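J.: Take this structure first; my questions come after.
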Amino acid sequence: MNSEEEFYDAVTGFDSDNSSGEFSEANHKCPEMLDLEPHQSNKTEKHNGETEIQENGIKRHRTSLPAPMFSRSDFSVWSILKKCIGLELSKITMPIVFNEPLSFLQRITEYMEHIYLINKACSHTDPLERMQAVAAFAVSAVASQWERTGKPFNPLLGETYELTREDLGFRFISEQVSHHPPISAFYSEGLNKDFIFHGSIYPKLKFWGKSIEAEPRGTITLELLKHSEAYTWTNPTCCVHNVIIGKLWLEQYGVVEIINHSTGDKCVLNFKPCGLFGKELHRVEGYIQDKNRKKLCVIYGKWTECLWCTDPTTYETYKKNEKRGSEPKKKSSEEDLKSENDEADEMPEVQDSVQFIPGSKLLWRINCRPPNSSQMYNFTSFAVSLNELEKGMEAILAPTDCRLRPDIRNMENGNMDVASREKERLEEKQRAARKERAKDEVEWHTRWFHQGTNPYTGTGDWLYSGGYFDRNFSDCPDIY
């Protein structure tokens with residue numbers, strides 16, 4: 001085994017003899033998915049989903065949902081969407097079977113799954129390394145959406161979600177601040193007062209016949225307090241294909257620009273569309289440049305797998321050599337692919353995985369998913385824990401918290417008919433409340449966020465007003 005193989009084994013945990021220097025979606029399995037000896041399994045796991053205290057005093061969150069995913073095979077989305085081509089979908093009511101048992105506010109919280117990357121950024125003294133860690137965090141934020149084709153519940157106006165994870169060192173609060181258009185605002189801070197992460201998101205959904213596209217709007221801001229730095233960016237566009245017929249599949253595409261407003265450094269990440277033959281599926285390529293536009297490093301990988309960085313000269317040399325070596329094979333490879341992908345919107349087969357360029361540094365890799373993830377809406381372990389309602393928690397949560405929504409709770413428990421009725425009841429209650437406010441000429445007032453200007457971009461934003469964790473919930477609205 002040569003030094004390159006040893007390096008790869010060290011950073012990925014995979015045997016380079018099996019991976020051939022590649023990190024693939026097919027090979028990326030959790031230890032729990034393999035045949036391990038009993039002593040290698042998680043001894044503290046409870047199969048009934050209850051929380052358990054580990055020896056170090058940290059709570060172990062549940063590892064499964066109360067009920068398996070409901071089959072969607074007997075339902076057709078076409079009957080609902082056929083009149084909506086080219087329209088904005090936020091006002092369209094979808095059957096509950098196409099949902100997943102999480103609110104969009106909880107889906108936003110999944111940004112925090114890879115918070116260790118923020119901690120890394122805080123610890124680095126080199127601004128280039130900080131930008132690399134922030135770029136990896138921005139990519140990791142969309143990784144949990146891989147194979148997640150269920151739609152999160154639209155938050156009700158005034159709905160909130162909080163999460164405190166002492167083991168991960170953060171607390172998080174979000175609020176649905178507008179219903180039409182739907183806008184979700186969030187704020188998170190490190191328990192060690194080392195970072196602030198906040199933003200507002202307005203996903204613009206459109207139906208294009210065979211696919212549904214979610215265009216992200218709104219600014220995401222990360223402040224590293226120790227370094228007096230602020231980074232801003234927006235997420236790539238997300239598209240779900242084959243909503244009418246065939247296997248649903250998802251891709252992310254678009255250019256994401258991360259700006260360090262203190263140093264002037266910029267990271268440009270190109271989430272590539274899959275293309276006609278699927279060769280670019282899930283690929284991310286980009287670079288970091290300084291304020292004088294000098295390229296400092298190149299970033300490459302897949303948002304579904306991992307992210308690497310290397311110096312620009314090494315990257316360009318490798319790409320030139322790769323192109324020269326692959327040209328004779330290109331024609332036959334594309335001919336084989338063409339016959340397999342006659343349908344334009346068919347899920348393309350995963351092509352060659354992320355090829356490790358010698359000398360590259362690993363920035364991030366995707367977390368393992370639970371072995372039964374396919375029966376749990378393809379949730380990550382982090383997502384599985386988000387709607388967990390521990391004993392005594394209801395007494396301290398805001399009455400508007402997502403965990404208390406009866407439609408989501410019943411769907412999670414497998415009570416689909418009850419969940420559907422509760423969803424209709426809550427939507428009707430929201431409409432009635434809106435009519436009553438209009439009749440009395442009363443404006444809606446948000447509780448935890450207010451409209452303002454992002455101090456770094458100068459654009460409109462929703463900013464945290466503070467006070468949530470004082471837990472004075474006496475004036476919270478009755479939305480459930």
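The backbone N, Cα and C atoms fix where each Cβ goes, glycine too.
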J.: Under TrEMBL, which of the candidate ranges 409-443, 444-478 is annotated coiled coil?
T.: 409-443
J.: Can you dig out which of the ranges 1-26, 209-234, 261-286 TrEMBL describes as region 'Disordered'?
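T.: When 1-26, 209-234, 261-286 are checked in TrEMBL, region 'Disordered' belongs to 1-26.
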J.: In the predicted model, what is the mean pLDDT computed over the coiled coil (409-443)?
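T.: Average per-residue pLDDT within the coiled coil (409-443): 94.
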